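Student: Pasting a structure here, questions to come.
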Amino acid sequence: MSDFAALWAEIVAVGRSADGGYRRYALTPPELTLRDWFRGQAGRRGMTVTEDGNGNLFAWCGEPWAPGTVLTGSHFDSVPGGGGYDGPLGIVSAFLALDRIASPRNLAIGAFVEEEGGRFGVPCLGSRLMTGAITPARAAALTDRDGITFGEALGSTPTGQISGISHLSAFVELHIEQGRALDVPVGVGSAIWPHGRWRMEFAGAGDHAGTTRMTDRRDPMLTFAHTVLAANEEARLIGAHATVGRVQAEPNATNAIPSMVRGWLDARAADTATLDRLLESVIKRATERAGRDGTELSVVAESVTDEVAFDTELARRLSALLGDAPILPTGAGHDAGVMSSHVPTAMLFVRNPTGVSHAPAEGASNEDCEAGVEALARVLESLT
Ligand code: GLV
Ligand code: MN
Ligand code: MN
Ligand code: MN
């Protein structure tokens, strides 16, 4: 068995459901199991493990936060029904890359908490906290679907921005490629599309499904449905991406017109101007439709992430180091995007033959993962 296959086998079943999808919400048992595994791997390598008070875990080769440290890593949490590689691949590869460096110094491996925002709603929560991009008070108050706050799950109020972050000399995140953009084993990231999550609430009048005349209804599901179609149309028209993947209806009864429908719009585009245009046109059409349906619309931006351009010079250097590896942008969000405004940051992508992600069909061959480990080792070596 290859090094990669052997280490991967230790975690592959954690949080996996019968249908092959993963559910590893932050700070729930499967994710906590992987954190324990992380501590064990670090201990086996004589690394010091620290937590940053925000839920992020670090393993250090050398003094924690020593000037000139190069950080690598990713996240353990998944979306509900997600793939196995999104996140853990970057952490497993980090430990194996370290093993391939003759005398590793000033290197650290990080496991960021709540990257997907699957549990508490704000993606990259751990990296946002440690870089000061979200306040500890706001993060602490975020609630999951059972009403548990992030502060409660963490066991304390997060401590927020870490001053040592300015001591890092680079951050490198290796990640499974999530689109259909990479046809060689390893690529280098150039940019992340600007993206965000908008919670749309459609309020109407709850009433009886059997007795209320069609003309008397104020049905928010209708406004919501038209808004979903409008978002899809507008995104296609301007070459952006719009998705409504999460919805709640109240009271959620088959025989009642809902009083409220809540849907989360995930919108992304190659540049901020296009994303702004998309949002504007979706909200305009939703508002018009609400007027016709007698419903009311309110929109709250739960998280917005600006366009990220990774360090161009660094990306070029790493591409050359890896034998002219392709340099490509992605529509997926990453902690690397948040880190990049504080530390020179790079991403490595490993080929995903299905091109599918955030779904069980996400995949990578052991050979490509081995190539990813080797590439990460060369990159870390060149940066330290
Ligand atoms: C994270 O994977 C995201 O882009 O939503
Ligand atoms: Mn993801
Ligand atoms: Mn990810
Ligand atoms: Mn009745």
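Along the chain as shown, the residues are counted starting at 1.
Here the Cβ of each residue, glycine as well, is placed from N, Cα and C on the backbone.
Caution: TrEMBL annotation is automatic and unverified by curators.
So TrEMBL says this about it:
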BINDING   HIS75, ASP86, HIS175  Zn(2+) 1 binding site
BINDING   ASP86, GLU116, HIS358  Zn(2+) 2 binding site
BINDING   ARG197, ASN255, ARG268  allantoate binding site
Student: What residue among the binding-site residues HIS75, HIS175, ARG197, ARG268, HIS358 has the most other CB atoms lying within 10 A of its CB?
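Tutor: Top count of Cβ atoms within 10 Å goes to HIS75.
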Student: Going by Cα-Cα distance, pick out whichever of the binding-site residues GLU116, ARG197, ASN255, ARG268 is nearest to HIS175 (Zn(2+) 1 binding site).
Tutor: GLU116
Student: Would you list the other residues of this chain near Zn(2+) 2 - those whose C-beta lies within 8 angstroms of the C-beta centroid of ASP86, GLU116, HIS358 - in sequence order?
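Tutor: Same chain, not in ASP86, GLU116, HIS358, Cβ within 8 Å: SER78, VAL79, GLY82, GLY83, GLY87, GLU115, GLY118, ALA332, SER357.
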Student: Cα within 10 Å of HIS75 (Zn(2+) 1 binding site): which of the binding-site residues GLU116, ARG197, ASN255, ARG268, HIS358 qualify?
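Tutor: Neighbours among binding-site residues, in sequence order: GLU116.
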Student: For ASP86 (Zn(2+) 1 binding site), what residues in its own chain, 6 or more apart in sequence, show a Cβ-Cβ distance under 8 Å?
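Tutor: The answer is SER78, VAL79, GLU116, HIS175, ILE176, GLN178, SER357, HIS358, GLU362.
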Student: Which of these binding-site residues (ASP86, GLU116, ARG197, ASN255, ARG268, HIS358) have a C-beta closer than 6 Å to some atom of ligand 3?
Tutor: ASP86
Student: What three-state class does DSSP give ARG268 (allantoate binding site)?
Tutor: strand
Student: For the binding-site residues GLU116, ASN255, which one has its C-beta crowded by the most other C-beta atoms within 10 angstroms?
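Tutor: Highest number of other Cβ atoms within 10 Å: GLU116.
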Student: Cβ within 8 Å of the Zn(2+) 1 site centroid (HIS75, ASP86, HIS175 excluded): which residues?
Tutor: SER74, TYR85, GLY87, PRO88, LEU89, GLY90, GLU115, GLU173, ILE176, HIS334
Student: Rounded to a whole number, what is the top Cα to Cα distance in Å among the residues the record ties to allantoate, namely ARG197, ASN255, ARG268?
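Tutor: So the maximum pairwise Cα distance among the allantoate binders is 36 Å.
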